[in-house]
Amino acid sequence: MRSILVLVALIGCIAAGVYKIPLKRITPPMIKMLRAGTWETYVEGMRKRQLQLLKEHKVHIQDVLGYANMEYLGEITIGTPQQKFLVVLDTGSSNLWVPDDSCYKEKRPDRCLVSNCDAGLVCQVFCPDPKCCEHTREFKQVNACKDKHRFDQKNSNTYVKTNKTWAIAYGTGDARGFFGRDTVRLGAEGKDQLVINDTWFGQAEHIAEFFSNTFLDGILGLAFQELSEGGVAPPIIRAIDLGLLDQPIFTVYFENVGDKEGVYGGVFTWGGLDPDHCEDEVTYEQLTEATYWQFRLKGVSSKNFSSTAGWEAISDTGTSLNGAPRGILRSIARQYNGQYVASQGLYVVDCSKNVTVDVTIGDRNYTMTAKNLVLEIQADICIMAFFEMDMFIGPAWILGDPFIREYCNIHDIEKKRIGFAAVKH
């Protein structure tokens with residue numbers, strides 16, 4: 001009996017390891033919309049929806065900009081044989097979901113998406129195909145899945161069906177579907193993948209129209225299970241429960257590549273630190289709440305402005321901007337003659353301004369510099385990498401990609417703490 005126990009222990013040790021998933025940097029949809037002149041229309045629609053969500057008590061942190069400013073994507077696979085998906089690795093949410101094969105069918109023609117195909121007699125008379133008059137709500141919403149990788153459960157011999165459904169409200173629409181269980185692999189096929197068997201994931205039957213304008217297929221949530229829709233275990237929690245990692249941690253490194261698109265953008269390291277990109281000294285801060293990666297931010301300063309009011313903050317890999325209270329941002333903007341553009345919800349600043357912001361977490365100050373805080377939209381037109389958080393429920397600050405490009409984030413799931421280490425230059 002003892003020999004069997006020793007063998008099991010040895011197998012567990014062999015199975016545990018450290019894995020890496022490289023990231024691809026894309027231009028955030030927000031930046032593309034600003035350049036195309038469509039951002040203000042997007043913001044108007046988003047604000048109307050968010051007010052409705054607030055009334056219905058459905059607002060989550062991931063709703064703030066509806067993934068309009070996500071910047072880094074990684075590759076995962078689901079099923080056996082493997083089916084590929086590009087996902088946002090998002091510490092601001094907890095569910096893994098990808099489009100299901102049922103989300104789009106070729107038999108639902110694009111001609112059904114014209115305005116004359118609304119329900120009723122008008123549809124029957126004027127629509128180019130009478131079949132479009134049936135289930136018109138579906139016809140109008142399927143297009144977002146058309147060009148996505150979609151999961152086909154019939155093609156996976158490790159798939160397990162469940163009877164649970166899910167729905168997540170975003171700032172610009174929603175995603176909904178049902179849960180399945182299958183083998184999830186973090187990393188591209190043929191690479192050194194973290195293989196997580198029998199993992200819950202969402203199969204989206206519908207995704208908001210906004211997602212049709214993005215490269216992503218789905219979302220890989222990396223926050224805690226308490227935040228998960230349906231209460232299902234996030235894949236990384238499942239991996240830790242199965243003893244697949246050397247340590248119950250993961251490390252995030254984002255590389256500053258300017259405005260380049262489709263290039264290497266950093267790496268997630270599962271089960272260990274990242275000595276190749278992060279300095280050895282790590283300062284940890286205990287989480288105040290283990291739902292998001294939430295902690296106390298003691299103070300902020302920039303040039304002649306400072307405040308030690310103290311706020312709740314989260315680290316969020318799914319946003320290319322930082323979020324902060326309105327009063328704080330307006331005080332910071334004044335230091336650099338920045339102007340708030342209400343219709344855009346953003347702060348315009350001279351591209352030559354050396355915007356720096358220090359935040360205090362625990363006993364340490366962390367500096368964000370102009371290379372990460374001043375974003376060029378067009379020639380001689382720049383914005384500060386911040387948005388206002390005042391209308392949202394929850395933490396007052398989001399430290400997003402501008403902060404993570406300065407400091408590697410080490411997420412300690414077991415000890416419920418987050419660590420920060422300076423990026424190597």
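Just so you know, glycine gets a Cβ as well, placed from its N, Cα and C.
Here Swiss-Prot flags 1-16 as signal peptide, drawing on sequence analysis.
The domain 'Peptidase A1' annotation in Swiss-Prot covers 72-421 and rests on sequence analysis.
Here the Cβ of Asp90 (active site) has 24 other Cβ atoms within 10 Å, regardless of which shown protein chain they belong to. In the three-state DSSP scheme, Asp90 (active site) falls into the strand class. Here Swiss-Prot flags Asp90 (among others) as active site, drawing on sequence analysis.
As annotated by Swiss-Prot, disulfide bond applies to Cys103-Cys145 (among others), with the evidence given as similarity to another entry. Annotation note: Cys103 (disulfide bond) sits in a helical segment as assigned by DSSP.
Within the same chain, residues at least six positions away from Asn163 (N-linked glycosylation site) with a Cβ under 8 Å of its Cβ are Phe178. Positions annotated as N-linked glycosylation site by Swiss-Prot: Asn163 (among others).
Cβ-based neighbour count (10 Å, all protein chains) for Asn197 (N-linked glycosylation site) stands at 15. According to Swiss-Prot, the N-linked glycosylation site annotation covers Asn197 (among others).
The N-linked glycosylation site annotation in Swiss-Prot covers Asn304 (among others). Long-range Cβ neighbours of Asn304 (N-linked glycosylation site) (same chain, at least 6 residues apart, Cβ-Cβ under 8 Å): Gln335.
Among the features that Swiss-Prot reports, active site is placed at Asp316 (among others), with the record citing sequence analysis. Cβ-based neighbour count (10 Å, all protein chains) for Asp316 (active site) stands at 30.
Cys382 (disulfide bond) carries a strand DSSP state (E or B). Under the heading disulfide bond, Swiss-Prot lists Cys351-Cys382 (among others).
According to DSSP, Asn354 (N-linked glycosylation site) sits in a coil region rather than a helix or strand. Non-local neighbourhood of Asn354 (N-linked glycosylation site): Ala370, each in the same chain, at least six residues away, with C-beta under 8 Å from its C-beta. Positions annotated as N-linked glycosylation site by Swiss-Prot: Asn354 (among others).
Taken from Swiss-Prot, the feature N-linked glycosylation site applies to Asn365 (among others). In the three-state DSSP assignment, the secondary structure recorded for Asn365 (N-linked glycosylation site) is strand.
Within 10 Å of its Cβ, the residue among the disulfide-bonded residues Cys103, Cys351, Cys382 with the fewest other Cβ atoms is Cys351. Geometry remark: Asp90 (active site) versus Asn197 (N-linked glycosylation site), CA distance 21 Å.
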